[in-house]
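What follows is a short report on a single structure.
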Amino acid sequence: MGPLSAPPCTQHITWKGLLLTASLLNFWNLPTTAQVIIEAKPPKVSEGKDVLLLVHNLPQNLTGYIWYKGQMTDLYHYITSYVVHGQIIYGPAYSGRETVYSNASLLIQNVTQEDAGSYTLHIIKRGDGTGGVTGYFTVTLYSETPKPSISSSNLNPREVMEAVRLICDPETPDASYLWLLNGQNLPMTHRLQLSKTNRTLYLFGVTKYIAGPYECEIRNPVSASRSDPVTLNLLPKLPMPYITINNLNPREKKDVLAFTCEPKSRNYTYIWWLNGQSLPVSPRVKRPIENRILILPSVTRNETGPYQCEIRDRYGGIRSNPVTLNVLYGPDLPRIYPSFTYYRSGENLDLSCFADSNPPAEYSWTINGKFQLSGQKLFIPQITTNHSGLYACSVRNSATGKEISKSMIVKVSETASPQVTYAGPNTWFQEILLL
């Protein structure tokens, strides 16, 4: 590759232009009508290729010129020089791949990462007492883009129901990413969204129109590579299952329950869930007809749910909305508070009765078998010995038809009165409280 065979100029950088376009230091003492121009051909180069730093508008009466690697013009960074009449001198920075031409252009062959960076050209003019003109030029090196591949979070998404994340691999510095669908640029749709770097493509609610094929392309200024196409295997949408049940208000340990998972299909398998856990195998649980029906011969208050059923195919499944039972139970044996039975005349009697029950139980009180009142509390102020007797709290659940009572004996004693006795002369009277 030589300066005479270079293509037409596509990038010109003058000593003045270097400061603006590449932020490079420069100075010159040539007339403005004869500014030297350096042109990189090609303007962007990839590793393993050749690049020519082509110099234009050289001044007359040159003695020679020197190329340096970097911006320091010392012996260590000296690449090569050209002296008028054809003498070429190589320096310590010469790698064997640089060629200098009589027009000051520098050819670098088979460039590597070490060749990237700035270069300094020092031009020496005959009779120039200032030492010549020095300018700088920067070579940016790009790698060939690798062939990309597409990774997917889910190659078998449910139609409309599931989202998919596509990633263009590998992550490549100084490169841009482009996605194509059916060989065309991505359509404008709310179902497709790109990440900030364009490397990741999100598909929301995949439909047959955006199932693929997808391709991704990695580009940099010197090359572009495209992946193999990827097409999503769009699965049919699973129907939302639901539970039917013969009784939502069963009586504890009495009623038989039958849950059915709908819809019915031989293409699905059925799974039952209780409290978010797969229902364990138990002698109490019957599952006839391919597990679609769940039978509980009896149910307790601890098995209210929630219950869910799931339908599955070989790719995945979907659960129903939860169903919670209203288990009717009780009343259990009531409890009376406080439980002590001895009182004195004049005290207040304040009793409360509690029993576990669903729905809440109905309460009533009797004394010695005679009905007193309805409710959980029994309050009698300033009781007397006439209030001694058998107190009973009865509880009843109209939904279960169960009734049960609890009784206790209350004993009320007389309050003792003070007794006065004479203890003799010059003594105090004493009050003795007889218990």
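All positions are counted from 1 along the displayed chain.
Quick reminder: no glycine exception, Cβ is built from N, Cα and C everywhere.
Listed features, source Swiss-Prot:
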DISULFID  C168-C216  disulfide bond
DISULFID  C261-C309  disulfide bond
DISULFID  C353-C393  disulfide bond
DOMAIN    35-143  domain 'Ig-like V-type'
DOMAIN    148-233  domain 'Ig-like C2-type 1'
DOMAIN    241-326  domain 'Ig-like C2-type 2'
DOMAIN    334-405  domain 'Ig-like C2-type 3'
CARBOHYD  N61  N-linked glycosylation site
CARBOHYD  N103  N-linked glycosylation site
CARBOHYD  N110  N-linked glycosylation site
CARBOHYD  N198  N-linked glycosylation site
CARBOHYD  N267  N-linked glycosylation site
CARBOHYD  N302  N-linked glycosylation site
CARBOHYD  N386  N-linked glycosylation site
SIGNAL    1-34  signal peptide
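Mapped onto three states, the DSSP output places N386 (N-linked glycosylation site) in helix. Per Cα geometry, N110 is the residue among the recorded positions N110, C216, N267, C393 nearest to N103 (N-linked glycosylation site). Cβ-based neighbour count (10 Å, all protein chains) for C393 (disulfide bond) stands at 23. Annotated pair N267 (N-linked glycosylation site) and C168 (disulfide bond), C-alpha to C-alpha distance, rounded: 35 Å. Using a 10 angstroms CA-CA radius around C168 (disulfide bond), none of the recorded positions in N61, C261, C353, N386, C393 qualify. Under the DSSP three-state reduction, N267 (N-linked glycosylation site) is assigned to coil, being neither helix nor strand. In the predicted model, residues of the domain 'Ig-like C2-type 2' (241-326) average a pLDDT of 89.
Per Cα geometry, N198 is the residue among the recorded positions N110, N198, C393 nearest to C309 (disulfide bond).
Looking at N61 (N-linked glycosylation site) and N110 (N-linked glycosylation site), their Cα atoms lie 33 Å from each other. In this structure the C-alpha atoms belonging to C353 (disulfide bond) and C216 (disulfide bond) are separated by 75 Å.
Nearest to N302 (N-linked glycosylation site) in space, judged by Cα atoms and limited to the recorded positions N110, N386, C393, is C393. The secondary structure of N198 (N-linked glycosylation site), as reduced to three states from DSSP, is coil rather than helix or strand.
Residue counts of the domain 'Ig-like V-type' (35-143) by helix, strand and coil are 6 helix, 55 strand, 48 coil (DSSP-based).
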